[in-house]
């Protein structure tokens with residue numbers, strides 16, 4: 001199992017392991033939903049992965065979890081991510097496992113969408129003007 005860290009850092013590691021890409025340099029600021037916030041219509045499959053990840057985290061927040069802060073562990077066997085608790089049994093463990101499942105779905109989605117990844121949709125510090133103002137419902 002990987003060392004215990006909050007899911008933000010674990011997600012970065014998981015992205016790198018499964019896609020071979022840096023989460024920050026390849027996905028943060030990509031399209032309309034990858035990175036902080038998100039609104040408008042997703043620009044492609046990669047961006048739809050980010051919207052789905054946002055929605056997954058939203059559901060966890062509604063359950064009382066803090067998906068960016070909850071800790072989990074994971075390991076990879078033959079390309080398959082296995083999630084584990086970073087803390088003892090209880091709410092923290094359950095929230096961490098759920099965050100890991102959201103992250104796992106997202107990285108597999110990223111991997112499937114690699115053939116259509118478009119470098120032109122990556123913007124580090126742009127306000128994402130082409131995305132519109134409305135956030136899509138989950």
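Yeah, the Cβs are placed from backbone N, Cα and C, and that goes for glycine too.
Quick caveat, the model's predicted, so the values are computed rather than measured.
In sequence order, 102, 103, 105, 106, 109 constitute the residues six or more apart from residue 53 (active site) in its chain with CB-CB distances below 8 Å. According to TrEMBL, the feature active site maps to 53 (among others).
The active site annotation in TrEMBL covers 103 (among others). Under the DSSP three-state reduction, residue 103 (active site) is assigned to helix.
Secondary structure at residue 37 (Ca(2+) binding site), as computed by DSSP, is coil. Residues or ranges marked as Ca(2+) binding site in TrEMBL: 33, 35, 37, 54.
The Cβ of residue 34 (disulfide bond) lies under 8 Å from the Cβ of 27, 28, 46, 47, 49, 50, each of these being in the same chain and 6 or more residues away along the sequence. The disulfide bond annotation in TrEMBL covers 34-50 (among others).
The disulfide bond annotation in TrEMBL covers 49-109 (among others). Of all Cβ atoms in the shown protein chains, 25 besides its own fall within 10 Å of the Cβ of residue 49 (disulfide bond).
In the three-state DSSP scheme, residue 56 (disulfide bond) is classed as helix. For residue 56 (disulfide bond), the number of other Cβ atoms no farther than 10 Å from its own Cβ, over all displayed protein chains, is 19. What TrEMBL records for 56-102 (among others) is disulfide bond.
Taking a C-beta cut-off of under 8 angstroms and a sequence separation of 6 or more, residue 95 (disulfide bond) has the following same-chain neighbours: 60, 63, 64, 65, 66, 67, 70. According to TrEMBL, the disulfide bond annotation covers 65-95 (among others).
In the three-state DSSP scheme, residue 83 (disulfide bond) falls into the strand class. Within 10 Å of the C-beta of residue 83 (disulfide bond) we count 20 further C-beta atoms, all protein chains included. Taken from TrEMBL, the feature disulfide bond covers 83-100 (among others).
Annotation source TrEMBL lists domain 'Phospholipase A2-like central' at 7-131.
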Measuring Cα to Cα, how far is residue 100 (disulfide bond) from residue 35 (Ca(2+) binding site) in Å? 17
Summarise the domain 'Phospholipase A2-like central' (7-131) by DSSP state, stating how many residues are helix, strand and coil. 67 helix, 15 strand, 43 coil
What mean pLDDT score does the domain 'Phospholipase A2-like central' (7-131) have in the model? 92
